[in-house]
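Q: Structure below; questions to follow.
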Amino acid sequence: MSDSEPTVQDSNSVETFDLAGDLDLEAQLTLTEKADQPAKSTAAHELPHTLSADDPQNPRNWSSTRRITINLILTVWVCALTYSSTAYVASIPTLMRRYNMSQEVAILGVTLTVFGFAAGPLLFGPASELYGRQAVYRLCGLLFSAFGFGAAFAPNAASLLIFRFLVGFFGSASINNVPASIGDLTSPLERGRYTISYALFAFGGPSLGPLASAFIQQYADFRWNLLVMAIFSAILSILVALIPETHGPTLLKWRIEKEGKAPPPPPFSKIMAIFKIALARPIIYLFTEPVVMLVSLYLSVLYGILYGFFEAFSIVYLDIRGFSNTSFGLTYIALGAGFGFACIVLATIGQTLYEKSAESDIAKGHLAQPEARLGLPYIGAIISPISLFLFAWTAPFPSVHWIAPCIAEGLFAFSMLLIFTGFIPYLIDCYQMTAASALAAGMASRALVGSVFPLFTLQMYHALTVQGSTSLLGGIACLLAPLPFIFRVYGRRMRERSKHTAVNN
């Protein structure tokens, strides 16, 4: 699709980057979409400055090649982070001997990294809305890489664990803010395709980590495993530092400053007040916005199940089935296959479903609704518990061929991607200019659950057996499966009652 072609959404809306009258900080620069907020939008001629929909500086008007390249760099950067979260696992036995650690302490290297995913977005999400994506990406990319090298050369267990937390903390700017950058670059109709690559790399990284690290660990010292993570992140961080700013309000502010028409800077006390409000926004959204609350609950539980699932793999394939470390690493190919097949379905069937749903909304006299994103999550919500039950009752029995649990893994990966690639753009469509904060709330809750799960899943699997534990996870997935259907029926009503959603008509 060329950039000049009208889309379902474009033909019904005019987007402008508007400069608010009281320019007290970047937070006062807001993006309004007239079609989405007709009661609040202002005619362009009444504003002193606007960055119109056909302005070349509008990131959505950049060439397709430029936008695709930026999207690819950003999403592979996400992979560098998620890869490092699980690649560490292969080095745990060696780290236990090298640093004289217990298994529980060694596993903290995973837990603290994922906990960093929870803490970082609460700062970097709002910061990107205040100061732009570029500044946050450059600072966090530098520190993400630096602490990765610190972990590789850590002299003791304590410093290793501290560095692992900092890797997750600063690296979280990628996994949280990249979807917001995708929102900057794309119209609603394009957004689904761009989000596919984000989801693929976000979930492909944890699958690639054990596969690659198993081979590295077999032929090299554990430090090389950690060094590969650091080098991977450093290369991508350099590329990310070279991409241009995509945040519309920040681009507008730069234009105003270049023209010499920016108002005097506000007093420091006002700056701090605005910054505190911005920092509090993800927490406020998480506990007061039903859309964010329910989406975060659903995705957090699935994220926790994913990390708990990883713990089951080692028990099933190493302890019960007697696989070698290399053969065990190869079982993660099943996850990659599931993610890959999901991408094909999303790029074909998923996009068609969204376009038809959007056209149906327009035929009824209103804009394409965010709920149009939820066609495939219905399917994912059904497949997810089925895959867990299939794994539970095939994996722990050596008499059952190993392909059966691998198929279950692939189905689970397939369902996860269908669900996440529906709900991530759904949140972006709902909150738009504060999407980074909405995503930060969800990312923080997901990472918090994901960091806790590895602490008790080993004990759970030993106490309840693989069948019982995975069946329990499947039961939880069953209880949450109706949520996509609930959003389809009641989502618009929840948005209409919200004070913060950008699309509420």
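Each residue, glycine too, has its Cβ placed from N, Cα and C.
According to TrEMBL:
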{"type": "REGION", "residues": "34-61", "note": "region 'Disordered'"}
{"type": "TRANSMEM", "residues": "68-90", "note": "transmembrane segment"}
{"type": "DOMAIN", "residues": "68-493", "note": "domain 'Major facilitator superfamily (MFS) profile'"}
{"type": "TRANSMEM", "residues": "105-124", "note": "transmembrane segment"}
{"type": "TRANSMEM", "residues": "136-155", "note": "transmembrane segment"}
{"type": "TRANSMEM", "residues": "194-216", "note": "transmembrane segment"}
{"type": "TRANSMEM", "residues": "222-243", "note": "transmembrane segment"}
{"type": "TRANSMEM", "residues": "291-310", "note": "transmembrane segment"}
{"type": "TRANSMEM", "residues": "330-354", "note": "transmembrane segment"}
{"type": "TRANSMEM", "residues": "375-396", "note": "transmembrane segment"}
{"type": "TRANSMEM", "residues": "402-428", "note": "transmembrane segment"}
{"type": "TRANSMEM", "residues": "435-456", "note": "transmembrane segment"}
{"type": "TRANSMEM", "residues": "468-490", "note": "transmembrane segment"}
Q: Quickly jot the same-chain residues contacting the transmembrane segment (105-124) by Cβ under 8 Å, restricted to those at least six beyond its ends, or write none.
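A: Sequence-distant neighbours of the transmembrane segment (105-124): 84-86, 88-89, 92, 95-96, 99, 136, 140, 157, 160-161, 164-173, 175-177, 279, 282-283, 307, 439-441, 443-448, 450-452, 454-455, 458.
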Q: Are the transmembrane segment (222-243) and the transmembrane segment (194-216) close, by which I mean at least 3 Cβ pairs under 8 Å that are 6+ residues apart in sequence?
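A: Contact criterion met.
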Q: For the transmembrane segment (330-354), could you work out the same-chain residues 6 or more beyond its ends whose Cβ comes under 8 Å from its Cβ atoms?
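A: Same-chain contacts beyond the flanks: 189, 192-193, 196, 199-200, 203-204, 206-208, 210-211, 313, 317, 323, 372-373, 375-376, 402, 406-407, 409-414, 416-418, 421-422.
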Q: Grab the same-chain neighbours of the transmembrane segment (136-155) for me: Cβ-Cβ under 8 Å, and only residues 6 or more beyond its ends, written as numbers and ranges.
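A: Distal contacts: 77, 81, 84, 120, 124, 127-128, 163-164, 166-167, 170-174, 177, 223, 226-227, 229-230, 233-234, 236-238, 240-241, 243.
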Q: Can you work out which residues elsewhere in the same chain, 6+ from the ends of the transmembrane segment (68-90), have a Cβ less than 8 Å from its Cβ atoms?
A: 109-110, 113-114, 117, 141, 144, 148, 164, 167-168, 171-172, 174-175, 178, 181-182, 185, 194, 197-198, 200-210, 212-214, 216-217, 225-226, 228-229, 232-233, 236-237, 239-240, 243-244, 246, 310, 314, 325, 329
Q: Quick one: find which recorded stretch in 375-396, 402-428, 468-490 has the most Cβ pairs under 8 Å with the transmembrane segment (194-216).
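A: The stretch with the most close Cβ contacts to the transmembrane segment (194-216) is 402-428.
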Q: What parts of the chain pack near the transmembrane segment (468-490), using Cβ distances under 8 Å and only residues at least 6 beyond its ends?
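A: Answer is 291, 294-295, 297-298, 301-302, 305, 308-309, 312, 371, 374, 377-378, 380-382, 384-386, 388-389, 391-393, 395, 419, 422, 426, 457, 460-461.
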